[in-house]
Amino acid sequence: MDHFDYRAGVLHAEDVPLAEIAAQVGTPVYIYSTATLERHVGVFREALAPLADPLVAFAVKANPNAAVLATLAKLGLGADVVSAGELLRAIAAGIPASRIVFSGVGKTEEEMRLALEHGIFQFNLESEPEAEMLSEVALSMGKVASVAYRINPDVDAGTHAKISTGKSENKFGIPYDRALVAYDRAAQLAGLDVQGVAVHIGSQLTDLAPLESAFTKVGALIERLRDAGHAIRTADLGGGLGVPYDPALPVPPSPAAYGAMVVRVTQGWNVRLMFEPGRVIVGNAGVLLSRVIRVKQGASQPFVIVDAAMNDLLRPSLYDAWHDIRAVRPRNAQVQATVVGPVCETGDTFATARDIDAVEADDLLAFMTAGAYGATMASTYNSRALTPEVLVTGDQWAVVRARPPVEALIEGDSIPDWLRG
Ligand SMILES: Cc1ncc(COP(=O)(O)O)c(C=O)c1O
Ligand SMILES: N[C@@H](CCCC[NH3+])C(=O)O
């Protein structure tokens, strides 16, 4: 069942008409469905059911809203974090440190210290100098850091170049061929407990084959590392599973198909498996609701100008990403239009020459599948306030991030004395 559906001709989030939220909170606004989050966690878990005690660490970067994280924490998910900010958000939302893994190529000494203080489950190291630094930081605190190395398997994930992370030319992880040397050195560092291997080859993957080849390489590496005397106890298989954005494209592999492949490929590894799903948990659990400001006739087709813009939802400008666009109250007519925001950039275009529901000024339009990498990538470009966020459950809803007043943008800056008076 889709939790964003039409009832009596009006698009709802669960039992709440989107128009009600627009009327009270204004637009643009992100709206998330609790029931969808719950369903996605359930489906992902079920797909991994044959595994013993997997750690599912939600990739906080996909949606760090406190209410979303608290929902996932209640469902027992851990967190994959990439900064002090994400770590603190995860902990504040009730995710225990024992379920937190810290990824990222540029962890600073300060971030390492913070994560060690909290006692997180695992650091995924992305370079040999990082291992040296973490060991020193841990020793200086009288602690030992549990670590894995993120391996760069040199596998083409077949996704957009800007979200591909597993090719040798990408900045992520250590080269596969360097692994044995790196592990041998890490094992000598007194501040580290080398417990695992990690991999993550990219995001919005629509084919399981590259994931399977990356995992197969991880399996072979685990054997080689064990032969070399390393007690490998965890394998973190990252995230990356794609979600359907464009109904005209084939549906990406289901979590069930992904899980079955994982169970098959990891048989006999004898490790605790870890996962870092982001998009597959939150992508379809959110929409960006906007209002049509006006429709302007261009030389060849209409431009639908909405009050959301690239600063609210960056994915179309950054990755040419496709988001389904639905009228909240369809008028039973279609039009071919280019849907744009008010920001002064040509790239502030959500869809070009797209067949959409015919709309007029003041109509509400929803950008679907906007729960992942939506609000979190928003900016205040063009001095537009950050987009508020709403969480729905059944017939209840709450603002979980308020729209800041535009004055806050001005108050945030300060004018030095020499420019005053
Ligand atoms: C290390 C790491 N883990 C997990 C994820 C989550 O990816 P996705 O949202 O595609 O599941 C990402 C982002 O691609 C990542 O960089
Ligand atoms: N921001 C990207 C995903 C990046 C994943 C980061 N590891 C997107 O919207 O598709």
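Indices start at 1 and increase along the chain as displayed.
Even glycines carry a Cβ here, placed using N, Cα and C.
Feature annotations, reproduced from TrEMBL:
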type	residues	note
DOMAIN	36-282	domain 'Orn/DAP/Arg decarboxylase 2 N-terminal'
MOD_RES	Lys61	N6-(pyridoxal phosphate)lysine
BINDING	Gly240, Glu276, Pro277, Gly278, Arg279, Tyr373	pyridoxal 5'-phosphate binding site
BINDING	Arg279, Arg315, Tyr319, Glu345, Tyr373	substrate binding site
ACT_SITE	Cys344	active site, proton donor
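Overlay of TrEMBL feature records on the structure.
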residue : record                              : contacts (Cβ under 8 Å, 6+ apart)
Lys61   : N6-(pyridoxal phosphate)lysine      : Val82, Glu86, Gly278, Tyr373, Thr376
Gly240  : pyridoxal 5'-phosphate binding site : Ala157, Thr159, His200, Ile201, Gly202, Ser203, Gln204, Leu205, Leu211
Glu276  : pyridoxal 5'-phosphate binding site : Ala57, Phe58, Ala59, Asp80, Val101, Ser103, His200, Asp236, Leu237, Gly238, Gly239
Pro277  : pyridoxal 5'-phosphate binding site : Phe44, Val56, Phe58, Ala59, Gly239, Leu241
Arg279  : pyridoxal 5'-phosphate binding site : Ala59, Ala62, Ser203, Gln204, Gly239, Leu241, Gly242, Val243, Ala372, Tyr373
Arg315  : substrate binding site              : Ala321, His323, Tyr373, Gly374, Met377
Tyr319  : substrate binding site              : His160, Lys162, Ile163
Cys344  : active site, proton donor           : Asn382
Glu345  : substrate binding site              : Met310, Ser317
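Listed recorded positions: Arg279, Cys344, Glu345. Those with a CB atom under 6 Å from ligand 1: Arg279. Selection of the recorded positions Gly278, Arg315, Cys344, Glu345, Tyr373 by a Cβ distance under 6 Å from ligand 2 yields, in sequence order, Arg315, Tyr373.
Each of Ala59, Lys61, Ala62, Ser203, Gly239, Leu241, Val280, Ile281, Ala372 belongs to the same chain as Gly240, Glu276, Pro277, Gly278, Arg279, Tyr373, is absent from that list, and has a C-beta within 8 angstroms of the C-beta centroid marking the pyridoxal 5'-phosphate site. All protein chains considered, the CB of Tyr373 (pyridoxal 5'-phosphate binding site) has 24 other CB atoms within 10 Å.
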